[in-house]
Amino acid sequence: MTKQEWKNKTAVTEFILLGFGNGPELDSLIFLMFLLIYIVTITGNIFIILLMVADRPLHTPMYFFLGNLACLEICYSSNILPRMLLSYLGGDRSISVNGCFTQYYFFGCLAAAECYLLAAMSYDRYLAVCKPLHYPSQMNGKLCLQLGGASWISGFLSNSILTFLISNLDFCGPNEIEHFFCDSFPIIKLSCSNTHVAGLVISLVAGVCSLPPFLLTFSSYIYIIITVMRIPSTTGRKKAFSTCSSHLIVVILFYWSILFVYVLPHHDTQISLNKIFSVFYTILTPLVNPLIYSLRNKEVKEALQKQKNKFLAFLGLLSVKKKG
């Protein structure tokens, strides 16, 4: 299409998020399902943050990263699910162009930050399991802050490039996004500009943000597994594997879905599959992370019991004061 023909078309001012393409009869069921997921996700992650702040024995590098992850998951879910819930509740699935770009910007920033943060967490576990004698000196407070800060900053910087690139495309034709949130490839598919360069840059940046952290994470767990296999005690091996295997499953699901959606070549037949894989890293991962990374840990269970006892003691004290 020539530039003159673009000028003859009306610029798009809003997009329509088609969601999962379900009928009106399923809207209430889907709304309730995602509302429950959102409530559990926010409650679980906030609970983890409060527990880690309140309990001093949890003030360690591992739980510092877990606290960052919980905070990230809260932002992640809140960027996507409330908008989706409103669309199912009121039936209005429109979103302004600027609102769409804003949602994509924060989604991309948080997704990239999670990739780096998971890599930092895997490196922390590698040092703890494979080099326990050097762990206290190497994984000190300064390094924790540097790794945590670098994860957040790198994520926000990397997606700034893509958001700027996409926001400068022309949109003058169809405005229906075949997705449940504003994502890069569904958006550029609607552009009447030449999107070949934009598509390549998106795949390149996605690869840079996901492949190196994935390789670092995967390599760390390979070394961890090898080290654990050398533990003579069967009980010790089972204890180590019970934690590492759960972490590794979540990491693989997260990276696998991201690599499938953003790095592999795109075809029209992939649209439905992309939605399914997007659910894994946008909705399910923030939901299960508090369970997988925290609530199964012995230290967290002990901290939870300790805070429960404090709360019961506080209630008992109040009861005594009232009787007095």
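Glycine is treated like the rest: Cβ placed from N, Cα and C.
Quick look at what TrEMBL annotates:
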| type | residues | note |
| --- | --- | --- |
| TRANSMEM | 29-51 | transmembrane segment |
| DOMAIN | 44-293 | domain 'G-protein coupled receptors family 1 profile' |
| TRANSMEM | 63-81 | transmembrane segment |
| TRANSMEM | 101-123 | transmembrane segment |
| TRANSMEM | 143-166 | transmembrane segment |
| TRANSMEM | 200-226 | transmembrane segment |
| TRANSMEM | 247-264 | transmembrane segment |
| TRANSMEM | 276-295 | transmembrane segment |
Can you tell me which of 29-51, 101-123, 276-295 gets the most C-beta pairs within less than 8 Å of the transmembrane segment (200-226)?
101-123
Recorded stretch, among 63-81, 143-166, 247-264, maximising Cβ pairs under 8 Å relative to the transmembrane segment (101-123):
143-166
Could you name the stretch, out of 63-81, 143-166, 276-295, with the greatest number of CB pairs under 8 A to the transmembrane segment (247-264)?
276-295
Taking contact to mean 3 or more CB pairs closer than 8 A (sequence separation of 6 or more), are the transmembrane segment (143-166) and the transmembrane segment (63-81) in contact?
yes
In terms of Cβ proximity under 8 Å, which residues at least six beyond the ends of the transmembrane segment (63-81) contact it?
34, 37-38, 41-42, 45-46, 48-49, 52-53, 103, 106-107, 110-111, 113-114, 117-118, 120-121, 124, 144, 147-148, 151-152, 180-181, 282-283, 285-286, 289-290, 293-294, 299
The predicted model's mean pLDDT over the domain 'G-protein coupled receptors family 1 profile' (44-293) is 85
